Amino acid sequence: MGDKSTPLLAVLQLLRKYNLKGTEEILRKEASLGDAEYENLDLPEVELASILTAHHTESDPYSYEFAYESLKKFIENSLDIYKYELSTLLYPIFVHMYMVLILYEHTTHAANFLEKFGPEQEDYYQEDLKKFSIVKNKDQIKGNELAEIYSSNKFVVQLSRDASSQLKRFLHEQKTTVIINIINNHIQIEVHDGPGRSLAQIRATAGGMLGEATRNENRTKVYYGLLKEPDIQLPPVPVEDEEETEETPDKPKKKKAKKDNIFMKKPKSDPNAPPSDRIPLPEMKETDKLEKGKALREASKRVHLGPDSLPSICFYTLLNSGHTAICADICDDSTLLAVGFNNSTIKVWTLTPVKLRGMKSAEKLQDIDREAGDVLVRMMEEKDRDTCRTLFGHSGPVYKVAFDPFKNLLLSCSEDSTVRLWSLQCWTCLVVYRGHVWPVWAVRWSPHGHYFASAGHDRAARLWATDHHQPLRIFAGHLSDVDCVQFHPNSNYIATGSSDRTIRVWDCLTGTQVRIMTGHKSPIFVLSFSVCGRWLASGGGGGELMIWDISTGLPAATLPPAHTAPIHALAFSRDGTILSTGSLDCSIKLWDFTAITEEVSGEEIGNNSTVQKDDRFLLRSFPTKNSPIKDLHFTRRNLLLGVGSYEGSS
């Protein structure tokens, strides 16, 4: 029993996998296996599959190259209507052939195979192939992240009915079973009715690490509508920020107050909105109502944007912070700016003449009348005023900062694998949330406060509530780092973007994945939902911008790459007409979002119909001197604020 990879051991492991204890015992006795060998049963999935389907031809290294050549020739000679769909099979079959060659210890053949056919694979797979090429013997398959992903998951390929019957015919005529075994074990072929897809349609959804989404993965209904706004009645004449009436948040019982005409346009209730009590949202405090009233009053003075009236941009440049500032965030009412640095500190600046005040000492706080209406003002120390505050606490670079919707709290996440919650009144850390075990790349508040989401290197996103120190939900399913996370405007869903080149949408109530969207050709670094909640914009590492339709999970528009470096900031104007993108290529670009979505709605969305958009949607481009863009934010009156750190004259 010297050779570990014998079929006997493989069968034993299979029996153990399906928990067939009796049969396992009998086989052990008959084969007289020692305990040591039995304990060491730990064959990788690929090896198991290839042993159990082993045929003598499979150990012949030349058969792989021959089989791949003939598959390629067959695809090249197919009609165009099948050719493009069938060609999506080449990459997964290539990868698995390489792994099987390594498993059978034909290392020189494997290296030649990779060298010969590797460069022909799509450009967006080249990065993955570099990681694969490190694997030189079968013991390394176990430690290789990509090899493990491919061996334990199936690659999804969508073919039309005709294309799949062409493929079957070809496989029947083949002498070897090499390709058939790979397809049976490692590829999931989804057959769809209707004509084969064109090259453009296939390119629109190609690029995911494991191919496309299966048909059923995007079938769940997603309530992408908005919740009814709580009735906050505005005083007839905007005096000061006093006198707000009582209201119950998110209970569409009362009639809406007669507001300015911009608020009257909203329908009484959105047919696609989730029930208002689907997830529990916090009651609004009196101070939050004041804040909300102020926001509505500001919004009534909002400038309407469009192709003919572009927003003004106010750009804040961080000086002497060339490579130290990592992230930035501006609070909802545009009065505060927070920046996270690589030396683990966070700085908060005021953007208005109002200074940031500290809190009184504990002794002085005891003398304050807690019932007083202006207790929050009385708590603050008169003399302790500053334009900038520094927060210390993290022990690694700070990758994201985020203000809560009511400007009381600040979240930050760091390489030290923690998320911290800071008070903007006493300027100290209130809670440290420990759930991730690796660096945390992103953190975001729910638009209604109370809940927040984080995402990290451990390939998972987590949903938290400020009053729980453990996560409420863990969203697992991505195959690589989760680089960004974003809440839906109705707080019922979160979207995550990952280095596996997919975007997934998760339901906060059930914790399940309701959408998986493929089409990006590089990691996704930033996501933003449209104001209406139906569209999702995503920015990738190659400078590409895509718009997705949440209702179907399909790409609605792939905009021509206008940026030359990763996009790290996206912001929709408050009325949803303009989309702004900011990139590390030191430029801000404005897009006509109304025109993009009108075009999509105008053409009946057929089977994966995706339009490659041309330049008429790009309204303007604004370069900075040499400041990569860290954050973009529209004020309530639709002025665009940008933040970047000047990297010196190159």
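Even glycines carry a Cβ here, placed using N, Cα and C.
Keep in mind that TrEMBL annotations are predicted by a computer and have not been checked by a curator.
Summarising the annotation, TrEMBL assigns domain 'TFIID subunit TAF5 NTD2' to 59-187. The region 'Disordered' annotation in TrEMBL covers 233-295. What TrEMBL records for 259-269, 283-295 is compositional bias 'Basic and acidic residues'. If you look up TrEMBL, you'll see 391-425, 433-474, 475-516, 517-558, 560-601 marked as repeat 'WD'.
Highlighted: of the candidate stretches 391-425, 517-558, 560-601, 391-425 has the greatest count of Cβ pairs under 8 Å to the repeat 'WD' (433-474). Taken through DSSP, the repeat 'WD' (391-425) splits into 0 helix, 19 strand, 16 coil.
If you look at the repeat 'WD' (560-601), the same-chain residues 6 or more away from its ends with a CB under 8 A from one of its CBs are 262, 299, 302, 304-307, 310-311, 313, 315, 522, 525-532, 535, 537-545, 547, 549, 611-638, 640, 642, 644.
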